[in-house]
Amino acid sequence: MRIERRFTKPGQSSYAEIEFRKAVSEIKNPDGSVVFRLADIDVPAQFSQVATDVLAQKYFRKAGVPKLLKKVEENDVPSFLWRSVADEKALKELPEAERYGSETDARQVFDRLAGTWAYWGWKGKYFSTEEDASAFKDELAYMLATQRVAPNSPQWFNTGLHWAYGIDGPGQGHFYVDPFTGKLTKSKSAYEHPQPHACFIQSVEDDLVNEGGIMDLWVREARLFKYGSGTGSNFSYLRGEGEKLSGGGKSSGLMSFLKIGDRAAGAIKSGGTTRRAAKMVVVDADHPDIEAYIDWKVNEEQKVAALVTGSKIVAKHLKAIMKACVNCEADNGDCFDPAKNPALKREIRAAKKDMVPENYVKRVIQFAEQGYKDIQFKTYDTDWDSEAYLTVSGQNSNNSVSLKDDFLRAVENDGNWNLTARKDGKVMKTLKARDLWEKISHAAWASADPGLHFNTTMNDWHTSPAEGPIRASNPCSEYMFLDDTACNLASLNLLQFKDAKTKRIDIADYEHAVRLWTVVLEVSVMMAQFPSRQIAERSYEYRTLGLGYANIGGLLMSSGIPYDSDEGRAIAGALTAIMTGVSYATSAEMAGELGPFPSFAPNRDNMLRVIRNHRRAAHGQSEGYEGLSVNPVALIHADCTDQDLVAHATAAWDKALELGEKHGYRNAQTTVIAPTGTIGLVMDCDTTGIEPDFALVKFKKLAGGGYFKIINRAVPESLRSLGYSESQIAEIEAYAVGHGNLNQAPAINPSTLKAKGFTDEKIEAVNAALKSAFDIKFVFNQWTLGADFLKGTLKVSDEQLSDMSFNLLDHLGFAKKDIEAANVHVCGAMTLEGAPFLKNEHLAVFDCANPCGKIGKRYLSVESHIRMMAAAQPFISGAISKTINMPNDATVEDCGAAYMLSWKLALKANALYRDGSKLSQPLNASLVEDEDDEDFVEELIQQPLAQQAVTITEKIVERVIERVSREREKLPNRRQGYTQKATVGGHKVYLRTGEFGDGRIGEIFIDMHKEGAAFRAMMNNFAIAISLGLQYGVPLEEYVEAFTFTKFEPAGMVQGNDAIKNATSILDYVFRELAVSYLGRHDLAHVDTSDFSNTALGKGIQEGKTNLLSTGWTRGYKPTLVSSNEGDRAASEPKGSATAAPARGSANVTSFAGSAARKLEPTVAITTSEIVSFKRDYEERAKELAEEIAEEVIDEVVQEAQQTATALFSDKAAADAASAKAEAKKKENERRMRSIAQGYTGNMCSECQNFTMVRNGTCEKCDTCGATSGCS
């Protein structure tokens, strides 16, 4: 073959026109600890810090690279392609520690790859002359260095280590077909023949232990996972549950073996590999176990939810039971007898109500009886890497169902569907096709699995059906071919082929790159070794390739073309058509020199039929396709604004067909669209694969650590192409990214701050900190301004300073809307919606996969993703790896509709991801807002005052399922309660309660005296309605359930309440407060004031004998012992009248039984702040409680309790540990939500622990360290 030079010149270095720079690569954990560091490395100047980090961390060889090398002469190889080995003699002159080391120059990596490909290409007779080989090597090195193209990760890891450095090792059980003899050979060297393939499809037979069977598959998968590759298999040959075995028994079924494979993959992943095992499981829709398979992940997610919730409920009750036993002072084992220990009896009842197993309750009591003081019961969370997810199955694979057209047509026609036995084809079960379709849609909605393979469409485009059908794919579903074959990937960065002057794709450069990289991937098949003999043989016979592209989203946005537009789809289709057409033409050209792939002859007619169908689609034909069940979406020439692309697309397919008819093809497949996760970062791609962009503001990594905000580089270029002036572009960018200072900000600026007492020095300090801030609230704090200034000038108290939720701007009197307006000005909106000068008709150009920023509303529709895939699919040999993002409020029906549209538009596969469908993913706040409650309040205000009480009562009555009619219960004329003052979203709220004689709540008053008359009247009538309901027996729990989490203004931060720190409305705040105080609902508090820890102070057997009281007025006070010299306490004295030093945040409180009918002797009156919710049985227990409360405690108990209290409170280790854990969790959640606002998924990277994960095909990748679960 003749190789043209387009980027380099003969006799000149590949890098002559490329500037390089010194760099330091460092990746840190969020806590600042260094994960990886490599200093003084050389990289191309255009490489970003992220690209530098990925190259240095993942692709530089870290050890075994000799400092001094020598060439190994080969007579039949040009000298510039001679391989190198360590110069042992020269190395002996160096200190031993300096003889071997790491690659430190990007040129070492580029030369290692390009040189190895040229070396094997020469040996395989791919080049006509030495100059062609030299041009091939130089052009490839140049394209790697300029980020035009990148191969998949295994090429970077393995290729060239033997050729460039002489690195070698014993064989690892791999095989290869000798390219010169055609004989299958077992590898003796680990590196001479590298493993460059990322994607594998493996067969599995219905055999337990023999080669090619079930257990053998786990071994073959393990070998692939160990080296970072992914694999997929169709398990439909395995018999269903209950099918007969040859030995006379019955099969345990498909699912039992899938769970074994899942465990094996998970163990390998956790055994030290750099990323999760990438695995695809496929099952045909007519398999007898298909229903269980579809529900597999749904059920496992439910198990996780049960583990997480159940573990916390059980732990709570078991600790309470243990505490009731330990804090008891009775004799003769009475503490462990619920009949004699009322506190224990109460806790057992509460545990039984929450379904805690009785044998575990008994076990804890026995444990306490043996002298133990505390119990450890492990709780779980929904983190992806937590033990809860590790405990359940099905978490280590992507699951897909393979559907044929007859099933989909049965769904359309509401027909029946048969599930058939694997051996004899007997019908095992018949069900409605729509029922199975509903199950698939629900599972995708609930757990993001399964994806779908449209099997008929896959096989209609199959180039080699003589050997059998396509049954499976790799984990990301872009490579679809015969079982036991492999594919190595490479992707072109489309944006790098855009001409800076013409603003169009340089088609000649693009076609040149496609041609050369088709040769690279073909040579890679020749030089490769494979993990099994079957894959080695079949890969040699079919020689499938995986050339693709990335950055179509970035290209379209930078060109001012919406992703969701006919023009955008036409350009994507034309570029895809050129790529595959030129690649097949190159394959035919190689076949003319070296012969077609060995299995071409029996598949000639089918392959040429497929090529003709590709050509018809490129020519824009809507009819005349051969052997297709569903016609593709043809290229619409008129929609493409660059007609040169159309001309080259049609010419490429004309040539591909012409040369193929003449020579055949060297490769059965040549192209796919892969996720391009890690390699996309190396190429600094804005978008991966065929994906749109995910954010308009990016966070660029700095060499010394940290990030700074920059506008997506496609935005200014797009605005220029749309005709905006430079000054307008600057304003639009500043709106998105922020101005970085308060100088011209609305409401909060130097003038208004000076009026509040700020000096020029303090304003300058604020402006300096704002340059890198994500939110202005994070800058107005004691670390920026100094504690002395805050306390002295701004009158901030020590308590406020220590409050993590304290908002200084709120304290200074700035309104929420003013803070938000200033925040947008300073830190940016992170969206272009609302930007100055930007026309509404241009907003679509900047639509992303998700809403951008806090105020962004626009995002690409589900249909836009599917139609973009459909525009490219007719020009791809394989398929497209892509996951369709769906909003959280998408329905099961929406999922089914998306899948049905995918089939009708002739896609080969698709997968869905509904936001929040995984427990491990936090919900995006913007997706869970509910305006219904705000609408309800607005409608309420419009009503007459008399009607308002009726409406509110009706809302409550809807919540009460059944209640026995009863008379109104009157409150005492002189009644107890408490007053709680707080500020909610800047508005003062006074909540007062009135209690029945036994401590139950009977009325509330809500006073917001500075609000308008209408709002005050509404709140007053609301409180009356609630009070009437309470007096007529409506349980407080029903009000709590109805009104917590309601959302309307005023809302926001809560100050002055020790348990509640944030509320979504006044009603939310009021009923959270009442729930915590009267129901013990500490799950509704933000600061847990309960006392379940082992340092909490109780009163033994008296624990359950004190009258039920509100804890609203006692919350936050230290335990107080009433000494005997304080005298008797009158029954009429109000609760809480004892002097107690306030200690905000303390979990232990004191309450007094002050309403007894007679005076009590001085007692230890120490109880927990927990109040048991008696719900509807409190009347039955009133007499029992009245009798219990009259019992006395002797003086010895007073002294002993005083000693116990002193001892318990002297050790704060447990409390400190709990506080630290809570604070760490709070910070993690803050970082998680901040990452969501920045456009990331909110999940944490398992390698570097940063919250910088973005969706990448069916998986995710980390923008910080490049970790990915995909194949690239």
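Using N, Cα and C of the backbone, Cβ positions are placed for all residues, glycine too.
As annotated by Swiss-Prot, substrate binding site applies to S153, A198, C199, G230, N474, P475, C476, S477, E478, P675, T676, G677, T678, I679, with the evidence given as similarity to another entry. Summarising the annotation, Swiss-Prot assigns disulfide bond to C199-C487. Taken from Swiss-Prot, the feature active site, proton acceptor applies to N474, E478, supported by similarity to another entry. Among the features that Swiss-Prot reports, active site, cysteine radical intermediate is placed at C476. Summarising the annotation, Swiss-Prot assigns region 'Disordered' to 1120-1147.
Features recorded in Swiss-Prot, as mapped to the structure shown.
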residue : record                 : DSSP (3 states)
S153    : substrate binding site : helix
C199    : substrate binding site : strand
N474    : substrate binding site : coil
C487    : disulfide bond         : strand
T676    : substrate binding site : coil
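Sequence-distant neighbours of C487 (disulfide bond) (same chain, 6+ residues apart, CB-CB distance under 8 A): H197, A198, C199, F200, N474, Y479, F481, T544, L545, G546, Q669, V672, G878. Put simply, the two farthest-apart Cα atoms among S153, A198, C199, G230, N474, P475, C476, S477, E478, P675, T676, G677, T678, I679, the recorded binders of substrate, are 18 Å from each other. With the fewest other Cβ atoms inside 10 Å of its Cβ, the least crowded of the binding-site residues T676, T678 in this structure is T678. Counting other Cβ atoms within 10 Å of each Cβ, the binding-site residues S153, N474 show the lowest value at S153.
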